[in-house]
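These notes concern the structure reproduced below.
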Amino acid sequence: MIQLLFTVLAAEAGMAVVLLFKTPLRKLAMLALDRLKRGRAPVMVRTVAATVLVVLASSLHSMAKIHGHAGAGELDAPGALSPTDQVLLARHLLEASLMGYILFLALVIDRLHSYIREMRVLKKNLEAVSKQNKSLEEAKSGRSDESKPHHNDIASLNEEIKKLKLQLKGKAEEAKDAEAKALAAQTQSEGLARKYDRLLEDNKHLHEQLQSGDISLSRSDGKKNA
């Protein structure tokens, strides 16, 4: 389960990095996301997201249940956690964190895809308006007397260019914010990977301690029987 979550998180982080930089891979990623948002694919994505949310809620419930057992005083020291519960709690915490980052990165990728598409549309509109404005200015320089009625058109086109530039600037700032969030999530995922390695080591030590405890108990029972 954890290996699968790490794989999905790594794939999403790679997709986010590809969308951050203008490379040929970005075009392929945009085409893949465009196809993913057509037909029945959005329904499947929502179903997977809902499933991840349900599993995340289950992990949170299990964590609360472990804390509840410790607080109820089921152990010798009320409020304390046994080594087994500590390992289970750490595992549920790691799974919940991974699923949360997966959902967050999915949202970031969706926003990046939308911003990039909007920026492309704005750039195309800006180029078309700029070409139209240039042609009007050329007509104005060639025929000054005949181009007087176009003054209002040129002014309106200049205003439209300014508006498009402002919109493009705003979308660029939003894309930068999404890029910063994606990079932060990628850094946190690397920290989770290191935490998972430590969890495996703690689990191994716990099994070794439990096995040594069983051996010592068996020896003491053998002595008593002798």
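Using N, Cα and C of the backbone, Cβ positions are placed for all residues, glycine too.
Annotated compositional bias 'Basic and acidic residues' per TrEMBL: 134-155, in sequence order.
Look at TrEMBL and you will find 209-219 tagged as compositional bias 'Polar residues'.
Residues or ranges marked as region 'Disordered' by TrEMBL: 133-155 (among others).
Here TrEMBL flags 204-226 (among others) as region 'Disordered'.
Feature annotation from TrEMBL assigns transmembrane segment to 6-22 (among others).
Residues 36, 88-89, 92-93, 95-96, 99-100, 102-103, 106 of the same chain, all 6+ positions outside the transmembrane segment (43-64), place their C-beta atoms under 8 angstroms from a C-beta of that stretch. The transmembrane segment annotation in TrEMBL covers 43-64 (among others).
With a cut-off of 8 Å between Cβ atoms, the residues of this chain six or more beyond the transmembrane segment (98-116) that come close are 2, 5-6, 8-9, 12-13, 15-16, 19-20, 26, 30, 33, 49, 52-53, 55-56, 59, 171, 174-175, 178-179, 181-182, 185, 188-189, 192. Marked as transmembrane segment by TrEMBL: 98-116 (among others).
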